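For reference, TrEMBL has these:
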ACT_SITE  Lys19  active site, charge relay system
ACT_SITE  Thr66  active site, charge relay system
ACT_SITE  His269  active site, charge relay system
BINDING   Thr66, Asp67, Phe168, Arg185, Val240, Gln241, Asn267  5-hydroxyisourate binding site
BINDING   Thr66, Asn267  O2 binding site
BINDING   Thr66, Asp67, Phe168, Arg185, Val240, Gln241, Asn267  urate binding site
Amino acid sequence: MAPEAAAKDELRLEQRHGKARVRVARVWRQSHDGAHHFVEWNVSISLLSHCLSSYHRDDNSDIVATDTMKNTVYVKAKECGDRLSVEEFAILIGNHFCSFYPQVFTAIVNIIEKPWERVCIDGKLHLHGFKLGSEKHTVEATVQKSGALKLSSGIAGLALLKTTQSGFEGFVRDKYTILPETRERMLATEVNASWRYSYESVASIPTKGLYFSEKFMDVKKVLMETFFGPPETGVYSPSVQRTLYLMGSAVLRRFADVSSIHLKMPNIHFLPVNLSTKENPSMVKFKDDVYLPTDEPHGSIEATVSRITSKM
């Protein structure tokens, strides 16, 4: 929030305003091979600005209209003649508002990218055909008039499951505990991750085209490889907590420009099914084969892994 002292009434005001859920789609057409590239973004903008007069008096002269913010998204998308990452677009939008309007000193831009993926037909990538995937690419860029930058990328809704190589033992037992210990269970979760980049200014971000798009795919790959382990053998998970930490620390070891990562990993339960009647006591006897999928209640595990010198 933007704190500003309000001499009138001796009150303090913290304010921001913006436009949420601006949906924009952009197509880039390559002339050399006829391929189309498509993105769909959901953009939310918050501006911190000096506009106390609009709160204290009937004076809107310092307000950037939220409809103007919406229109700006479409204009800037049009102006991007070359493909760019969602991170680059968020920084571009934030930098525009801070540089174009004297009263705006900070812009916070959040974007969710829908997971449109190019389809493959008969073993060939289609030039202009796309299907909707599952997990989403998220971004938050905070840009200041000075050029200072805070940039985070993330992934939302990455559903992962393995049918073995998971257990849970040695936890606290008391009079309320009925959960049995096990070294054989199914492990399922929906990963929501957000990682903070170490770049501290707009001028310091990499100039390589689509750098952050490639980094997003690389981080997702490391998260999945750590969760599953080698394809032939897998890797044992003694708890969601341990797996979460290994996933986060693997990202930090792999990518020097990631300073911290926050992971939220609910433990989505698949419950063993045992059915019996007096006449048929073994109607369904569970042998690691038949489960009841559930989505609630579920375990809730989240943590932040960061470098000791990281600015959180």
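Placed from the backbone N, Cα and C atoms, the Cβ positions cover glycine too.
Unlike curated records, TrEMBL annotations are generated automatically.
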For His269 (active site, charge relay system), nearby residues of its own chain (Cβ under 8 Å, 6 or more apart in sequence) | Ala188, Thr294, His298, Gly299
In whole Å, could you give the widest CA to CA gap in the urate site formed by Thr66, Asp67, Phe168, Arg185, Val240, Gln241, Asn267?
-> 52
Could you state the whole-number distance in Å separating the C-alpha atoms of Arg185 (5-hydroxyisourate binding site) and Lys19 (active site, charge relay system)?
-> 45
Close recorded positions near Lys19 (active site, charge relay system), where close means Cα within 10 Å, chosen from Thr66, Asp67, Val240, Asn267 | Thr66, Asp67
Students should find that the Cα atoms of Phe168 (5-hydroxyisourate binding site) and Thr66 (active site, charge relay system) sit apart, in Å rounded to an integer, by 50
Quick one: give me the count of other CB atoms within 10 A of the CB of Thr66 (active site, charge relay system).
-> 15
Students should find that the Cβ of Asn267 (5-hydroxyisourate binding site) has, within 10 Å, a number of other Cβ atoms equal to 16
May I ask which residues of the same chain, at least 6 positions away in sequence, place their Cβ under 8 angstroms from the Cβ of Val240 (5-hydroxyisourate binding site)?
-> Leu187, Thr189, Met265, Asn267, Gly299, Ile301
In whole Å, note down how far the CA of Thr66 (active site, charge relay system) lies from the CA of Gln241 (5-hydroxyisourate binding site).
-> 42
Cβ atoms near Gln241 (5-hydroxyisourate binding site) (within 10 Å, other residues, all chains) | 16
